[in-house]
Amino acid sequence: MKVLPYAHPVLSCQQAKDLEFSVLTDASAEWSAMQQAGAGIAKSVIEDYQELRSVPEHLRILALIGKGNNGGDALLACGQLLADYPRAQVDLILTSPADELRPLAARALQELEGRVQIRQISEACGLSEISQMLVELGGEIGFHICIDGLLGMSFVPPLRAPVCDLIEAINAFEGIELRASVDLPSGAGDGVEPDALILRADFSYATGIAKKPLFAGWGTCGRVRYVDLGFFKTTPGQVVEAEEAILTDAVLAPLRRLRPANVDKRSFGHLFIVGGSARMPGALLMSVRAAVSSGVGLVTAFAPSSVTAVLAAQVPEAMWISWPETSLGTLSPSGMSLILERIDQATAVIAGPGFGADASTEMVAQEIVKLVECPLLLDADALRVSVLEPVRMRQEAYGRVVLTPHMGEFMRVAKLEEPDYTNDVLLDFSKSHGVVTVLKGPQTRICNGASVIYHTQGGPVLARGGSGDLLTGLIGGMLAQNAHREEEAVAQGLYLHGLAAQCLARVHGQVSVHTTQLLDYLSAVLRT
Ligand SMILES: NC(=O)C1=CN([C@@H]2O[C@H](COP(=O)(O)OP(=O)(O)OC[C@H]3O[C@@H](n4cnc5c(N)ncnc54)[C@H](O)[C@@H]3O)[C@@H](O)[C@H]2O)[C@H](O)CC1
């Protein structure tokens, strides 16, 4: 794939090792990368902890230290946390004698001398002794954060004692609030089977290169964070051997620049949103609210006639068109002329949020696919096999069709009998339909038929009704502003949505929030 300025390659552990070997040519380069990794992990883990509560001054950290560079990264992360939280208490568990650590890990340990408590375990310890030790070390409070620096990309199965016993004990130990793995959860790696023993991480902090096992769908890697160490400072447009990539913060750079002075509302696109039904007016409302916050110049919303006035009062920034509805309160195909007579104003169109699944909305969606000559986003109940049929007939010049299914909707349009998380199915589907698919879930993937880009921001705070409707509005808004660079627009909408969700969770937690609060954090995300 071409190196995009906003997505970095995802590689197998072996490919990552080879690349690191070519980039980090001596011990000083390795040490400097390790320092960056340690600082990056410390910063990210503190941000992530805030989804639980504010970080306590007397932070209690447990770090599991293996012999290699993974252990070195974890030790330097502990050093950074001690610098930032001088009252923190750090307990280290070493799985080998200190004099057996690799040179850089030994150097990192030396830097912590006198500031941490060290326990060493050996093969003879066994699971129950290690479990008992955790209980004693944790005391009444337990640990706020456990940093797993046991094994990284160089791990070759099988796991041996005492590491396997330590992983098992950590997985079972309830006195840890957040489990953070350095690079990969210990036990994960190339060729590792899904049922193998792997440390159950809440977050994995991929240092330098995001490795493929993080996306294997095992659910043990938790949420993936990419700690960019600058390994991919390649020229945009250059080709690298990777079909998979991870989205980076750079995707939002164009939205963080000053806008030119000589612009007006027409310079930032005009988005049409067709959606809603008497039963689900809220879905349309959420998409429209998100769209008007996306930076798009103009939004026109087409809503079922019985709810238009109520919705319009809630988002006066949008223009509202009342659409005739069926006896079931869904959009009637007889309203198509309303959109067609204005279509030359639109730079992108969304169809689907809150549609409801009946024959009328199916027909509306089909007509839109056939007649709309600009980029088009289909979501929710517009995602049907019969609606995708005319997609292939569309001329390339009209702009791409973007689909935003969750797994249930993807199964429907790809005619799958059970969920399939493999990239092959996603690639085949997107290629054969000529669409950009955004397959939503805990690890959302963007696929253009040739490559897959992972998006890992957001988190469980998004696991509530309406998150997808907000996403649709944001992506639609970006498409309308950026009509000739659909994939970039999609990536911008996704990333902005994910970062805002994280901000929301860091301020209010993951539980007692409502979906549209996410919109309050969009501007903070763009102004950092
Ligand atoms: N008020 C209404 O009218 C409602 C209508 N609904 C109908 O459903 C669709 C849209 O569904 P929505 O609830 O927005 O959810 P989606 O599944 O499409 O999108 C979810 C969104 O959240 C992300 N996400 C979820 N879990 C995680 C996680 N663990 N980690 C990270 N990210 C996560 C996911 O990736 C998506 O981005 C609407 O049009 C109506 O037709 C709904 O039933 C809600 C209320």
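Cβ from N, Cα, C; glycine included.
Taking the domain 'YjeF N-terminal' (13-237) as a whole, pLDDT averages 95 in the prediction. Residues or ranges marked as domain 'YjeF N-terminal' by TrEMBL: 13-237.
Taken from TrEMBL, the feature domain 'YjeF C-terminal' applies to 248-528.
HIS406 ((6S)-NADPHX binding site) falls within a strand when secondary structure is assigned with DSSP. In sequence order, LEU439, LYS440, GLY441, GLY468 are the residues near HIS406 ((6S)-NADPHX binding site), counting only same-chain partners six or more apart with C-beta under 8 A. Positions annotated as (6S)-NADPHX binding site by TrEMBL: ALA283, GLY354, HIS406, ASP469.
Residues or ranges marked as AMP binding site by TrEMBL: LYS440, GLY441, PRO442, GLN443, THR444, GLY468. Residue environment of PRO442 (AMP binding site) contains 15 other Cβ atoms, counted within 10 Å of its Cβ in all protein chains. PRO442 (AMP binding site) carries neither a helix nor a strand DSSP state and counts as coil.
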Where ALA283 ((6S)-NADPHX binding site) and THR444 (AMP binding site) are concerned, what is their Cα separation in Å, rounded?
20
If you tally other C-beta atoms within 10 angstroms for each of the binding-site residues GLY354, GLY441, GLY468, the top scorer is GLY354
Using the Cβ center of LYS440, GLY441, PRO442, GLN443, THR444, GLY468 as the AMP site position, which other residues in that chain lie within 8 Å, going by their Cβ?
HIS406, LEU439, ARG445, HIS455, GLY458, LEU462
Residues sitting within 8 A of the centre of the ALA283, GLY354, HIS406, ASP469 CB atoms ((6S)-NADPHX site), not counting those, run GLY275, MET280, MET286, SER287, GLY352, PRO353, ASP379, ALA380, GLY465, GLY466, GLY468, THR472
So which of the binding-site residues is most packed in, judged by how many other Cβ atoms lie within 10 Å of its Cβ, out of GLN443, THR444?
THR444
